[in-house]
Amino acid sequence: MSEFILEMRGITKQFPGVKALDNVNFKVREGEIHALCGENGAGKSTLMKVLSGVYPYGTYDGEIVFKGEVCKFKNIKQSEQLGIVIIHQELALIPYLSIAENIFLGNERAKKGIINWNETIAQTKKLLQKVGLEESPHTLVGQLGVGKQQLVEIAKALAKDVKLLILDEPTAALNEDDSENLLNLLLELKKQGLSAIIISHKLNEITKVADSITILRDGKTIETLDMKHDEVTEDRIIRGMVGRDLTNRYPARTPKIGEVIFEVKNWTVYHPIYSERKVLDHINLSIRRGEIVGIAGLMGAGRTELAMSIFGRSYGKKISGEIWKNGVKIDVSDVSKAIANGIAYVTEDRKGNGLILMEDIRKNITLSRLGKISNHFVVDENQEIVESERFRDQFKIKTPSVFQKVEALSGGNQQKVVLSKWIFAEPDILILDEPTRGIDVGAKYEIYTIIQQLADAGKGILMISSELPEILGMCDRIYVMSEGRITGEVSREEATQEKLMRLMTKTAIQEGA
């Protein structure tokens, strides 16, 4: 029997006007963790969709050999029956069902159409123990954090007798502790004989867990690296991904910082459902003209709640405090008023809240300010095309046409469309919530350049990020949050990862001590 559990030979996949995969060869050894790297749009997800049957046999050229047998999958069910299970970046769990119901949904423990709940619960307990979860099988999935939901997804895969587990950006939405737990679980499952493919832009995680790394660029296989025998560094992986040396992760910049243009004063917000729970407690911060201000904090610190509540009170209840712009108190009591006052918010969830995926690039970009391209309440379509093409060219959005649906774009290009949409609204204050989440290093550099250009044009930038190197590399000044409070303010010159982490873990009790 071959040492390879999977061989994909000469895989070519075309879409109208685009060759997404071009004669790709990809092999995975039995019992290894194999990382798949590449820029957004390199073809990683397309290759995995070919493998799992999302793109059925006949819609691509090439051959798939799994456990020595040639496979012609017509759908996901067929690939899962052989033990190939994919966990997508957007988790496929139902929040209002229990853990047990989610794990065995479509794979029920039933006889003559009647579910055996005793067996279901017993097997769920075993699976939860295997992935390190102590929750009850009856717990609703919606009550779990994202990190634990990822573990439920893995338990669901194990319930299907998985032989090859595919993880697409498994830690993109996780904090450091949850990421560490998931990676340790993956290593433990490897010891038990599981083979895995991991797609991730977090190169430090890849080099930690992977046995082999295959790099794709522009739909082609560039190289496969063996972690034991090849000299593998993050710089080498990046060079393979982008086709050049990326000596600096962050563009060089000499900031031109002016006067204070935006202030948040004594901003307090309560939870929208649990009305006695204070989510933000007397937040005070300021942004100067041309300044990039960072917000650092662990998950649950209140960073996104702060951003959304400032942006038209789109989160929270019993909100008190004041927002000042250019020395004048402004009304941000709803989103339209926030936009009218020159505030824009780039959400952390671009697919869920930032874009209309079924619409084209043109309509997504101009949506934030239709009045700018309208005459007597009628949209001037020619002007709409001109404006959207201007942003496409300026931000190098990779697309054959502004009429292309946004859902067909890579993550990096989708993020450029979101940024274009809000820049089209001509804001003075731009709030960026995880602006490079799920984006490769090359596209990140382009996004960083756009952010710096906005600051250089005199905009005030409030940037939220869970990646401390990103905060340190991009921001002129940093506020740190913990438990809904600001626990420190650090200048760029004073900031270190250690100092930020100390402030991120500071509790109200410690502050009062």
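Even glycines carry a Cβ here, placed using N, Cα and C.
Lifted from Swiss-Prot, the feature list:
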DOMAIN    6-243  domain 'ABC transporter 1'
BINDING   Gly38, Glu39, Asn40, Gly41, Ala42, Gly43, Lys44, Ser45  ATP binding site
DOMAIN    264-508  domain 'ABC transporter 2'
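Mapped onto this structure are the features recorded in Swiss-Prot.
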{"residue": "Gly38", "record": "ATP binding site", "contacts (Cβ under 8 Å, 6+ apart)": "Lys44, Ile215, Leu216, Arg217, Met241, Asp440"}
{"residue": "Glu39", "record": "ATP binding site", "contacts (Cβ under 8 Å, 6+ apart)": "Arg217, Met241, Val242, Ser410, Gly412, Asp440, Val441, Gly442, Ala443"}
{"residue": "Asn40", "record": "ATP binding site", "contacts (Cβ under 8 Å, 6+ apart)": "Ser410, Gly411, Gly412, Asn413, Ile439, Asp440, Ala443"}
{"residue": "Gly41", "record": "ATP binding site", "contacts (Cβ under 8 Å, 6+ apart)": "Lys398, Leu409, Ser410, Gly412, Asn413"}
{"residue": "Ala42", "record": "ATP binding site", "contacts (Cβ under 8 Å, 6+ apart)": "Leu216, Arg217, Asp218, Gly219, Met241, Asp440"}
{"residue": "Gly43", "record": "ATP binding site", "contacts (Cβ under 8 Å, 6+ apart)": "Lys13, Ala20, Leu21, Val24, Leu216, Asp218, Gly219, Lys220"}
{"residue": "Ser45", "record": "ATP binding site", "contacts (Cβ under 8 Å, 6+ apart)": "Asp168, Ile199"}
Segment confidence, the domain 'ABC transporter 2' (264-508), expressed as mean pLDDT: 89
Number of other Cβ atoms within 10 Å of the Cβ of Lys44 (ATP binding site) across all protein chains: 26
